[in-house]
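According to Swiss-Prot, the features are:
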- Asn234, Ser238, Glu242: Mg(2+) binding site (BINDING)
Amino acid sequence: MTDPAVTPLAFSIPQLYCPFPTAIHPEVDTLTRAGMDFMTHHGFCNTEADRLVVANIDAGAIVARWYPNPDFPVDRLQMVTDFLYLYFLIDDLRFEVINSDTGLAGPIALFAQHLDLWEYPQAHRREELDLFHQAIHDLASRMAELTTPTKAARMRRSINGWFLALLREIALFNDDHAVMAEEYLPIRVVTVASRLMIDVNGFICPAEVPGDEWYSLKVQAAAEAAMSVCLYDNELYSAGKEQWLKSRATAHDRRPRNLVALIQAQTGGSTEHALQEVAEYRNRTVCLYLNLRSQLEKTASPALLAYLSVLDGVISGNLDAHATSSRYHNPDGHHPHAIAFTPLRTTDECSARAHTPIAPPIAWWWEQLDQ
C-alpha cells in the first residue's frame, strides 16, 4: 500500500512513436516465480526487505513483454529472466560506488571474477563458490548448454563490454567536472546494455544469423538503433524515478546522471523541454530502425528476418514494460504507484528530421542507409 505521507508524483512523458503491436508471453507468471526462486536460492532474498528489492525488479514481466512469442523456448526466456534479476541488482549498485570513496578497485575485482566465470564455468568447482558466484556459474553453464558456441561467444563478448562500460560510467561520474550529454550518451549506449541486448536477442531467437550477415554494418546499425530506442525509453522513465528519489530524505547524490537531467543542466532549460528533446531523439531513432529494416528485408536470410522480428517485439515490449513495471512506478520497492506516468503512444509516421543523425558517435548508423 502506498505510504499516505508520500504524494504520488505525476510525471508526463512526451508522445512516443511505436508502430508495433503489444503482447505478453503466456508464461509470465512462471518466469516471475522461477526467477524469484533463483534469487532466493542464491541468497538475495534472506530478509523481507531484500525480497522486496528483488521482487521490484519485475524481470519476469519485462522478459515476457520483450519476447511475447509463445514459440520462444521457455528455458531460454527463464535464463534471461534470472540474468536480469541478478544484473539489475549489479547495475543499481553502480550508484553506490559513484557515491562512495572506494573508487574502482572493488568493481574491478568483482567484474574480473565474473568474467572468468562466464568464460570458463567448467573450470570452477561450483561447491567452492559463495552463493553469489554460484549464481553466475549457474547462468554461465545454462547459457552454454542452451545455445550454440557462436551465440555463447557473442554473449560473453557483450557481457565483457557491459562491465567495461560500467567502469567507464563510474569513473565519469566520480570525476569532479560537469558531465556533458555528449560524453554520457556513447557510454550509456553500452551501460544500459543496448549492445548486450543485441546478443541476448540473438540468444532468444531460435535461428542463428550467419556471420557475414550478423557483422555487416547495416545489420549492426539496425540492431543498435533498435536497442537505443530502449535506451531512450529507460532514460525518460528513469528521469521520473530519479526525480522521485531525489525528493526523498534518503537521496544521496543530487548531481544529474540521467540523459534528461544532463540536458536540462547543460541547457538551463525546463524538465519538460529536456524530456521533449530526448523523446525526439528516440522517435527519430525508431524511424531510422524502420528504414534500415525495410532495406535489409529485401535480401535478408530467414534467420535475419526472424531476428528483426524479435527486435520489433523488444521495442514495443520495452515501452510497455516501462509503462507498467513496478521498477519505475515504485522506485524504492516500498511505495507502489509512487509515480503516475502519463505516456502517449502514437503510430504517426516519421518526420523528415528522422533522417538527420542525432549525435556524432552514432552518426554511422545513418550512413548505412542506402548502402
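Counting begins at 1 with the first residue displayed.
For all residues, glycine too, the Cβ spot is worked out from N, Cα and C.
Same-chain residues with CB within 8 A of the center of the Asn234, Ser238, Glu242 CB atoms, the Mg(2+) site residues themselves not counted, are Glu235, Leu236, Tyr237, Ala239, Gly240, Lys241, Asn258, Val260, Tyr328. For Ser238 (Mg(2+) binding site), other Cβ atoms within 10 Å of its Cβ number 21.
DSSP assigns Ser238 (Mg(2+) binding site) to a helix. Neighbour count (other Cβ atoms within 10 Å of the Cβ, all protein chains): 21 for Asn234 (Mg(2+) binding site).
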